[in-house]
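J.: Could you have a look at this structure, given as structure tokens, before my questions?
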Amino acid sequence: MRPAARIQSAIEILDAIIAAARSGGAPADRILADWFKGNRYAGSKDKRAIRELVYDAIRACGPVPETGRAAMLGLVEERPELRDLFDGSQYGPAAIVDGERVAEGGVAPEWLEDRLIASGIEQADAEALLGRAPLDMRINRLKVPEGLPDLPEPGEALAAPDALRFPTGTQASGWDAYRDGLVEVQDHGSQIACMAVGAQGGETVIDLCAGAGGKTLALAAAMRNEGTLVAADTDRRRLSQLGPRAERAGAAVSAEVLLDPGRELEALEPWLGKADRVLVDAPCSGTGTWRRNPEARWRLSEAEIARYVKTQAHVLAIAAELVREGGSITYVVCSLLDEEGPRQMADFLAAHSGWQAQALDLPLGTERGDGIRLLPSRDGTDGFFIARIGKS
Ligand SMILES: C[S@@+](CC[C@H](N)C(=O)[O-])C[C@H]1O[C@@H](n2cnc3c(N)ncnc32)[C@H](O)[C@@H]1O
């Protein structure tokens, strides 16, 4: 495909992404995959170039743009060399007309930028939320008890003891070490969140919002497969991915528990008051993960954030029922909004006597309320809030 035709294709894909963001439709990645499936003439270089144009244009627009063309013209402001490709040629975009609508730049829609500012996120921190994430991996100590696995590239050692970083765009899915479960793809921040749990072999540990088990596998490794590790979630599809992943990683998960929303404690009855540690990796607005998912900021609403805050309080209350005296809850969100992090924790502590915030001994992060915050700008990780509270 000619470069101009790639631009026009990216514009059409952006139109579909914008419509989906407005209507709660398919995510950008799925729309791209479907477009590639339906347009087989696009070769691998075309696909890479179109994908990059689409994501760069998404990053260039703060609020939801009106059209794909306006979004692409927003990108042209940042990359003037693209202007000449608007040449009106066959399959290319029409020439730019004076006064044509250009999408607004910025980090996010204004109301959301205001919320980030109110949560102490400075301009440079906010801009870094839209950077490109490197590929972080965790060496699976269940399969590589010490040293390094044999990898095609060495990777950079990071602060978390088993973390390695590779350049943005590294494709690890074809690596033997990945296929054999010697390494797991996991953001460095996510690895640090697992460290905060402090899980030890022989304990009873519950991953209450386990999803597809990314953190469950890290907990199994920390526990050296000794003790009781329970993975629970309300989402059947996500939880069903854990089994095959755990098998590949050689991770022992004692029970996978599908929860009925609103009646979670019924299925968790065997562990009431028994857990040494519960990880609550709560559903959240995901404002810390825009590096991977920049279009997510077009989908958020104030009402949705309020719903997340309510669900977070709900899962924390469930966790509190599971922990034994002397045990702890580690609360994690990949959001940088105070209402989902420090304020959520403060509200929990105010409403539940016998619980205290615990100091965290982590290699990265900045104090925020009763926990710590990780930021792409300062820590090179996705954005997270992490706190641990203990029951006396
Ligand atoms: C941030 S994701 C978890 C990601 C996962 N821990 C990982 O590391 O890949 C939050 C999860 O909470 C789950 N969830 C939502 N409501 C829940 C509830 N009431 N009880 C337990 N899990 C819930 C969602 O289905 C989702 O999988």
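Every residue, even glycine, has its Cβ placed from backbone N, Cα and C.
Checked TrEMBL, it gives:
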| type | residues | note |
| --- | --- | --- |
| ACT_SITE | CYS334 | active site, nucleophile |
| BINDING | ASP233, ASP281 | S-adenosyl-L-methionine binding site |
J.: So if I measure Cβ to Cβ from ASP233 (S-adenosyl-L-methionine binding site) and keep only same-chain residues at least 6 apart in sequence, which ones fall under 8 Å?
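T.: Result: LEU208, CYS209, ALA210, GLY211, LEU239, VAL257, LEU258, LEU259.
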J.: Cα of CYS334 (active site, nucleophile) to Cα of ASP281 (S-adenosyl-L-methionine binding site): how many Å, rounded?
T.: 8
J.: If you draw a 10 Å sphere around the Cβ of ASP281 (S-adenosyl-L-methionine binding site), how many other Cβ atoms fall inside it, taking every protein chain shown into account?
T.: 26
